[in-house]
Amino acid sequence: MVSGNTPGESNAAQVRVPCVVFFILTPIFLLIRFWSRIAKSSGLGWDDWTILLSFACALTVQILMMISCEYGFGQHIKNLAPENKLMALKLFYVAQIFYKLTINLTKISILLLYLRIFVQRWFRISCRTLMALITCYMIATTASSIWQCKPIRGAWDKSMQPTCISLTKNWYANAGFSIATDVLILMLPMQPIWASQLSVAHKRALMLVFAMGSFVTVTSIMRATTLRFSTTSPDTTYDITSTLWTMIEENMAIICACLPMCRMLLAILFPSWFAGSKASSSEDYVLSDRSGDQAGGWRPYVGPRHAEGFNQSEVLRTDGASEEYILDSLKNNDAPSEVGIMRKTTYGVTYETDTEAKTQYQ
């Protein structure tokens with residue numbers, strides 16, 4: 001901690017504790033997400049890169065606030081040395097900007113994930129419309145955070161007698177928009193999942209995964225209840241309850257965005273909800289052309305390409321583009337338009353002809 005401040009009460013633990021906890025917890029869920037993408041060969045998409053960018057912004061917020069605490073953020077403002085007070089408030093000002101970025105980038109990442117899973121036309125139009133709205137709002141609210149005062153320095157140095165927008169109204173508007181879009185994002189996938197041909201148990205498990213995003217909505221509401229006190233208190237560096245909820249909200253949003261790719265972890269934590277639900281495996285696709293096997297099936301030949309001069313075919317199955325490990329295996333191979341869940345499977349077929357063998361057996 002820098003010197004110059006008068007010792008006294010401090011609420012810095014309200015910042016430090018969640019920062020340390022989420023320094024450890026959030027990267028774990030991100031690692032599981034990226035590992036599952038790579039292990040299942042589904043490939044990294046825009047949703048993954050967007051959530052990574054969001055995490056970088058959230059990490060920036062946490063680092064800035066931890067440094068701000070070193071200058072006295074969390075202590076009574078009257079106990080801070082003038083230069084330390086300015087630095088603590090300046091770091092808090094910059095952290096606000098990155099908070100607006102991370103909370104909206106996480107929403108965009110979730111919508112991009114939806115576009116990888118669901119195929120209904122109305123659903124995809126809804127996702128893109130909501131994504132455009134969130135993107136525009138993110139730009140607007142970030143700009144309002146940067147230019148909240150004229151001159152800009154007045155945001156942390158009130159001795160300049162700046163002209164500023166109402167911070168209370170600004171923060172409430174941001175909280176209201178965040179909660180409203182959270183609810184919309186939560187509700188979007190419920191109808192396609194319920195209308196699918198999955199079993200009731202599988203539907204319930206999937207709806208639970210997506211509904212866990214409601215934790216973010218709860219934290220957003222809790223944060224909103226503290227905004228008026230934090231924005232109107234004269235002891236701005238000590239009354240920092242809203243900052244505590246900011247740390248929780250932004251990290252819980254990232255964690256919830258990673259949950260659909262953490263099915264194994266969820267199955268361990270909630271075994272009764274995920275009983276009998278497992279990701280698709282290669283056994284789901286074992287088919288056969290033998291008369292004694294199941295009707296309508298066909299087993300790809302996996303032996304040598306040349307055997308006693310007969311022609312052989314080889315079928316290579318890949319499933320890299322699918323999101324099947326997020327969802328349960330479909331009992332019935334319904335059309336995507338009916339189920340609303342995208343399932344992409346690519347087959348590469350190689351066929352070789354042995355001319356000499358043909359001549360020999362003619």
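Glycine residues also receive a Cβ, built from the backbone N, Cα and C atoms like all the rest.
As annotated by TrEMBL, transmembrane segment applies to 15-36 (among others).
Sequence annotations record features per position, and here TrEMBL assigns domain 'Rhodopsin' to 32-267.
For 48-73 (among others), the entry in TrEMBL reads transmembrane segment.
Tertiary proximity for the transmembrane segment (93-115) is limited to same-chain residues at least six positions away from its ends with a CB under 8 Å from its CB atoms, namely 45-48, 50-51, 53-55, 57-58, 60-61, 64-65, 68, 123-124, 127-128, 130-131, 134-135, 137-138, 141-142, 145-146, 155-156, 174, 178, 181-182, 185, 188-189, 213, 246, 249-250, 253-254, 257, 260. Annotation comment: TrEMBL describes 93-115 (among others) as transmembrane segment.
Annotated transmembrane segment per TrEMBL: 127-147 (among others), in sequence order.
Residues or ranges marked as transmembrane segment by TrEMBL: 171-193 (among others). Below 8 angstroms of C-beta separation, residues 100, 103, 107, 110-111, 114, 117-118, 120, 123, 126-127, 130, 133-134, 137, 141, 203, 206-207, 210-211, 213-214, 216-217, 220-221, 223-224, 227-228, 231, 242, 340-341 of the same chain, each at least six residues beyond the ends of the transmembrane segment (171-193), sit close to that stretch.
Look at TrEMBL and you will find 205-224 (among others) tagged as transmembrane segment.
Sequence annotations record features per position, and here TrEMBL assigns transmembrane segment to 252-274 (among others).
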